[in-house]
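Straight from TrEMBL, the features:
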{"type": "DOMAIN", "residues": "31-477", "note": "domain 'Major facilitator superfamily (MFS) profile'"}
{"type": "TRANSMEM", "residues": "26-45", "note": "transmembrane segment"}
{"type": "TRANSMEM", "residues": "90-109", "note": "transmembrane segment"}
{"type": "TRANSMEM", "residues": "121-142", "note": "transmembrane segment"}
{"type": "TRANSMEM", "residues": "148-177", "note": "transmembrane segment"}
{"type": "TRANSMEM", "residues": "189-208", "note": "transmembrane segment"}
{"type": "TRANSMEM", "residues": "214-234", "note": "transmembrane segment"}
{"type": "TRANSMEM", "residues": "279-302", "note": "transmembrane segment"}
{"type": "TRANSMEM", "residues": "322-341", "note": "transmembrane segment"}
{"type": "TRANSMEM", "residues": "353-372", "note": "transmembrane segment"}
{"type": "TRANSMEM", "residues": "378-399", "note": "transmembrane segment"}
{"type": "TRANSMEM", "residues": "420-444", "note": "transmembrane segment"}
{"type": "TRANSMEM", "residues": "450-469", "note": "transmembrane segment"}
Amino acid sequence: MAQSHDMMSRRPPGLRLFGRSGSLRTYQTLVLVLTFFAYTCFHMTRKITSIVKSALDPQTKVGFSHWGRLHTSNTLNIGWLPFNTVDGSALLGEIDVAFLAVYSAGMFFAGHIGDRMDLRIFLTIGMLGTAIFTTLFGAGYWMNVHSFYYFLVIQMISGLFQSIGWPSVVAVVGNWFGKSKRGLIMGIWNAHTSIGNIAGSLLAAFLLKFGWGWSFAIPSLIMAFVGLIVYIFLPVNPEAMEIDIDSGEFNCVKDTVKDPLLEPGQEVKHKAVGFLEAWRIPGVAPFALCLFFSKLVAYTFLYWLPFYISHTRIGGEYLSDAMAGSLSTIFDVGGVLGGVLAGHISDRLNARAITAASFMYCAIPALFLYRTYGSMSIVWNICLMFITGMFVNGPYALITTAVSADLGTHSSLNGNSRALATVTAIIDGTGSVGAAIGPLLTGYISSKSWSAVFTMLMAAALLAGLLLTKLVCAELKGKVHSDATKDATDAQGTYSNEV
């Protein structure tokens, strides 16, 4: 009776009213929708600073166009102290790295905590905390704050709350979906990253004309609202709703529960996996290190692409800050397609490492072409940016979703699904260290040469692919062995029929 009461307490308050009226498919759809919008909000608020950068530090945009000399995209915009000084780009880069450093460190702790508490409550805390501190960053506009350390500390605390989001949503989705077509499902679901970037870019760019503070305030309000919806309606796992994941029917509460991500009928006790034990799971270390360099590339684009576009002559002209922010969303549109393609291809080939490495190698020429020919015209910029986004975000999406969920339910865990949040945090946390380093280096290097920045990104893409070499070879050997076994079986069958 006490255990039944505990199950009821874990059931979202908004779903307690409906009793057992929902089907498995209904709850799975609800989980996908809620986690999709939840993490869309995380990326929407994370994208804002990259759009506002040009408004905070506009003075470096000097050059010529067909219409004469352009000092800034908006002659009324003189920037915001302390970022409109000669070292403004470096200061903005330091804020980015501080945010991402705390984010990556917090990720490890968030995954550990997430496997030990109600993920619905944990995710809600992350969303509301992020909304509050994103608003406080924008409040510097109305409070006329010009202290670098104010913005630095606010972003660091925001990064801590942001770190809660990813381990939580991946663990919840992993609880509700098995391995069948996981790559495709999560590839489509992972579009929230790009959709969030697009929404954040367009909304922040639109609100810039009212003052850059509004670019932070309005998205934060949206995130707080979605956070409350998550708290009211998100079912964390099938056990909370007393559903058998295999049959899709309601069942009675047991001392042990069936793991939705392993073989049917296999029962396990819920015991969270330790941090070091999770690191020892085969495949976690190479994929985590690959993501280090993959996110270095992806997050350099996330934080600096609008700035790069607005400070680069495209077709002989500089674009306005708002136009540059809107144009940068093409990268994320390509990322949506890249994530879906990577997931689908890896499902069809049953080869996560081969798919991820192939995309990273293809990203190298894409980066070179974008830097070399992207400034020829708007059309060339859009086409090459789309292709670059597809190859850069494809493996990033695959590793942070399907690969993390696969490894979080690895056979070495003997059916313990309580490693999902921890494994996800380890992989994405390691990747986030690279995500912090990329924007930081870009802040310093870009003041001297953007070509050097792209050289750094191409080298990172190469290293990301090389780190998966051992796993790629293992997958190729497995396929050769599988094909040889299949041919032998077919030959034996033909011989038997002839006899």
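Yeah, the Cβs are placed from backbone N, Cα and C, and that goes for glycine too.
TrEMBL labels come from automatic prediction, so no person has curated them.
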Under 8 Å between C-beta atoms and at least six residues away from its ends: which parts of the chain pack against the transmembrane segment (279-302)?
46-47, 50, 100, 197, 331, 353, 356-357, 360, 363, 367, 388-389, 392-393, 395-396, 399-400, 403, 406-407, 410, 412-413, 419, 423, 426-428, 430-439, 442, 453, 457, 460-461, 463-465, 467-468, 470-471
Counting a contact as 3 or more Cβ pairs under 8 Å, with residues at least 6 apart in sequence, do the transmembrane segment (450-469) and the transmembrane segment (26-45) touch?
no
For the domain 'Major facilitator superfamily (MFS) profile' (31-477), would you mind checking the mean pLDDT of the predicted model?
83
Could you check whether the transmembrane segment (214-234) and the transmembrane segment (189-208) come into contact, where contact means at least 3 Cβ pairs under 8 Å with the two residues of each pair 6 or more apart in sequence?
yes
Before we move on, state whether the transmembrane segment (90-109) and the transmembrane segment (148-177) share at least 3 Cβ pairs under 8 Å, counting only pairs 6 or more apart in sequence.
yes
When each of 148-177, 322-341, 353-372, 420-444 is checked against the transmembrane segment (189-208) for Cβ pairs under 8 Å, which one has the most?
322-341
Sequence-remote contacts (6 or more beyond its ends) of the transmembrane segment (420-444), Cβ cut-off under 8 Å?
89-94, 96-97, 99-101, 103-105, 107-112, 114-115, 119, 163, 166-168, 170-171, 174-175, 261, 272-273, 275, 278-279, 281, 284, 287-289, 291-300, 302-304, 396, 399-400, 403-405, 407-409, 453, 456-457, 460
Distal contacts, the transmembrane segment (26-45) - CB-CB under 8 A, six or more residues away:
123, 126-127, 130-131, 134, 158, 162, 165-166, 169, 172-173, 176-177, 189, 191-193, 195-197, 199-200, 203, 216, 219-220, 222-223, 226-227, 229-230, 233-235, 238, 241, 243
Using a cut-off of under 8 Å between C-beta atoms, tell me which stretch among 148-177, 322-341, 353-372 contacts the transmembrane segment (378-399) the most.
322-341
Within-chain partners of the transmembrane segment (353-372) [C-beta distance under 8 Å, separation at least 6 from its ends]:
286-287, 290, 294, 297, 338, 342, 345-346, 381, 384-385, 387-388, 390-392, 394-395, 398-399, 403, 450-451, 454, 457-458, 461-462, 464-465, 468-469, 471-472, 474-476
